[in-house]
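I have placed the structure first, in the form of C-alpha cells, so that the comments after it can refer back to it.
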Amino acid sequence: MPAGTSTVLTGIGELTTWAPDRPVLADAALVVEAGHVAWVGPRAEVPAADTAYDVGGRAVVPGFVDSHSHLVFAGERSAEFTARMAGEAYAAGGIRTTVRATRAATDEQLTSHVARLVAEMRRQGTTTVEIKSGYGLTVADEARSLAVAAQFTDETTFLGAHVVPEGSTPEEYVALVTGPMLAAAAPHARWVDAFCERGAFDADQARAVLAAGADAGLRGRLHANQLGPGPGVRLACELGLVAVDHCTYLDDADVSALRDSGTIATLLPGVEFSTRQPYPDARSLLDAGVRVAIASDCNPGSCFTSSVPFCLALAVREMGMTPTEALHAATAMGAAALGREDVGHLGVGARADLAVLDAPGHAHLAYRPGVPLVAETWVAGRPA
Ligand code: NIG
Ligand code: FE
C-alpha cells in the first residue's frame, strides 16, 4: 500500500468515472488525497503526487454500491433452492425458517456472519452496502439485527414488515411494527422498508409502516411487484420514495409512474436466477426513461449471492442492458438509490472507492461471467 498524503494511480488502461464530460477514459490516471479523488485525467497530464502506484494497464471502476441486501441472518436454505431447481415455486413463507434460526443465534454469531459476507462482497468490488433487518420480527431481535448491521454500514434499513411472524395476526403485527418495534429500531436505522406483496403486507399496511417510519425520521424504500403484479410500485411512486426494489412484474401504469416520479427501479436479477422467475425488462424501463439500479438482494432465501459482478452479467445477458448501463446501474444509480452523491462515481470530490479489474475494460465484468476479475478493492483511497 503506497503511503503518503497523495497517491497517484497511474497506468489505468480504462478508467470509469461517470464524469459528464468524459465518463470513461483510456490511458488515464487518478490522484487520491485524504481519501477522496483529487484529480482525474489523461496519464500524460498527471500532476505530481507523494506516491505512485502503476496498475499496469488494468481497468479501474467505481466501487459497487449494493443498495439492497439482507445480511443479518443465521442458517441457510439450500434445500429450498434445490427444490426450486426441481420445479417448486419460491414462497415468501420460507422467511420464517430463517427467522427461527436468526432468533436462536447469539449476537456474536450474527456479527461474525455479517462480517464474513461483507468481506465476500469487498473481495468482489462492493464498497458500499445497504443492510436490512427483517429476520428478527420481535422488538428485541429487530433492534439487535440493526445494531449488528450498523457495525458494518451507515445504510441500515428497518424491515420489521418482512412477513407476519407465526403467532401474530396481521393487525397486531402492523401495530407492533409501527409502535414499539419502530421505536427500538429507529436509533439504529436510516431507512424503513416493507415487503408489499400478496402473502406479506398489502398497500395499506405498507403505507402505514412507511408513514410511521417517516414520523420517526426514517426515509422509505419498498419491496414490490416481486412475485406478481400489485400496487407496491405505484405506492412507492406516489409517496416519492427514492427507490422501489424488485419490479419484476410491471404494467404500463407502473412504468409511467416510475418515469414520472423519478423513483429508481432497483432490479435484483440474482433473484430471478435463483427462483426461476422471469427477469424484469430493464431494456424497456431504460427506453421509457426510468432510472434503473442493480443490486444483489443477498439473502438466504430468494438469492444467496454477494456478487455484484454476477448480477451485472445477468443484467446484460438476460435483461437487455449494455455492459456500461449495467455498471452505471450498480454504481452511480446504486448510490442514487441510497440518496448518496459521494460514492458510486470517481469524479473529483468523490470518496476514492474503487475496484481494480484484472481486465482491460469494464465490459469484461459481463463478458467473463463467473471469473474473479476484481483484483483489488479500495475504500476511501486505501486497499480494503
Ligand atoms: O428480497 N422479498 C422479500 N425478501 C427477500 C427474500 C427473503 C427470503 O426468502 O428469505 C427478497 O427477495
Ligand atoms: Fe430484498
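Cβ coordinates are placed from backbone N, Cα and C, and glycine is handled just like the others.
Between the candidates His188, His223, TrEMBL assigns the Zn(2+) site shared with His68, His70, Asp297 to His223. Record note: TrEMBL gives Asn299, Gly301 as N-formimidoyl-L-glutamate-binding, and the candidate from Tyr135, Tyr173 in that site is Tyr135. Among the candidates Ser6, Ser296, Ser302, the one that TrEMBL lists alongside Arg77, Tyr135, His162, Gln226 as binding 4-imidazolone-5-propanoate is Ser302. For His223 (Zn(2+) binding site) paired with Ser302 (4-imidazolone-5-propanoate binding site), the C-alpha to C-alpha distance reads 13 Å. Gly301 (N-formimidoyl-L-glutamate binding site) has its Cα within 10 Å of the Cα of these binding-site residues: Arg77, taken from Arg77, His162, Gln226. All protein chains included, Arg77 (4-imidazolone-5-propanoate binding site) registers 20 other Cβ atoms within 10 Å of its own Cβ. For ligand 2, the nearby binding-site residues are Asp297; that is, of Tyr135, Asp297, Gly301, Ser302, these have a C-beta under 6 Å from one of its atoms.
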